[in-house]
């Protein structure tokens with residue numbers, strides 16, 4: 001394992017913005033991780049764990065410490081019965097590779113998350129999800145390294161406190177744990193309706209009555225390709241903002257003015273599309289300080305010719321302020337920051 005110094009972070013982030021990291025190491029296993037941690041401890045360095053870089057930003061100041069790029073991959077079957085299979089995956093595995101493999105094997109549970117960029121570890125940190133599925137739905141337990149207690153531990157689902165795009169890893173225990181691997185329980189058989197509205201619409205249009213994981217994956221991939229820019233062509237960080245969660249009272253207040261507004265009820269709250277809010281605020285397709293609100297999906301902020309993080313910050317604040325002025329709703333950033 002090589003520990004390099006003065007490494008440009010923008011080359012590891014899909015937004016292609018970010019300053020210099022004092023040190024950077026790419027690790028492939030637990031032994032290399034411990035070697036990197038020993039180096040950081042000896043030199044009194046802060047640590048940041050980076051996955052695929054698709055949901056992470058870095059400022060122009062960079063990072064005074066050691067960025068550890070997670071390349072821990074591999075998989076193994078732990079148990080299997082007539083209904084399900086439990087597979088352990090390295091946290092550095094590309095999430096969509098896991099999904100493709102599971103679909104090809106006929107397993108269901110994560111096919112609606114197809115084409116989400118990034119690694120499994122990153123997906124667990126923010127409880128990634130799409131079209132009615134979340135990674136927490138199939139998660140059983142994980143092996144982590146505890147930077148506080150300096151040892152490897154096992155965390156179970158109840159330990160992680162998964163909620164909408166959130167977990168302890170970006171909440172009260174942010175920076176404490178490094179995810180080594182995780183066990184996912186996938187199911188045999190066929191995906192069960194009801195499906196997310198956009199997916200169901202395609203199924204209806206194509207007169208599909210028998211559902212397989214592969215059919216659902218192909219539909220989701222087509223939808224996402226048409227809605228989302230390719231990070232290899234247009235720099236972006238995927239969904240930049242979380243969908244808004246508002247009170248029942250606020251939802252019906254908006255519904256009176258905007259009858260077309262769609263919401264998903266959970267307890268006494270409603271989740272609504274932040275992309276819809278941004279579009280209604282007149283910002284869809286708008287160029288702001290070198291950034292652009294994507295013209296097909298207003299949740300996406302793309303880097304056209306921004307001079308750095310300062311431009312992104314100004315664009316972000318203008319979007320937040322415009323939505324607040326129009327709807328009295330404060331939208332929140334989904335993308336993590338180094």
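Placement of Cβ uses the backbone N, Cα and C atoms for every residue, glycine included.
Annotation comment: TrEMBL describes 16-189 as domain 'FAD-binding PCMH-type'.
DSSP classifies residue 165 (active site) as coil under the three-state reduction. Other C-beta atoms found within 10 angstroms of the C-beta of residue 165 (active site) number 18, with every protein chain shown included. Feature annotation from TrEMBL assigns active site to 165 (among others).
Residue 239 (active site, proton donor) falls within a strand segment according to DSSP. The annotation active site, proton donor is assigned in TrEMBL to 239.
Annotation comment: TrEMBL describes 334 (among others) as active site. All protein chains considered, the CB of residue 334 (active site) has 20 other CB atoms within 10 Å.
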Cα-Cα separation of residue 239 (active site, proton donor) and residue 334 (active site), in Å?
7
Averaging the per-residue pLDDT over the domain 'FAD-binding PCMH-type' (16-189), what integer do you get?
97
State the count of C-beta atoms found within 10 angstroms of the C-beta of residue 239 (active site, proton donor), not counting that atom itself.
22
Whole-number Å distance separating the Cα atoms of residue 165 (active site) and residue 334 (active site) is 8
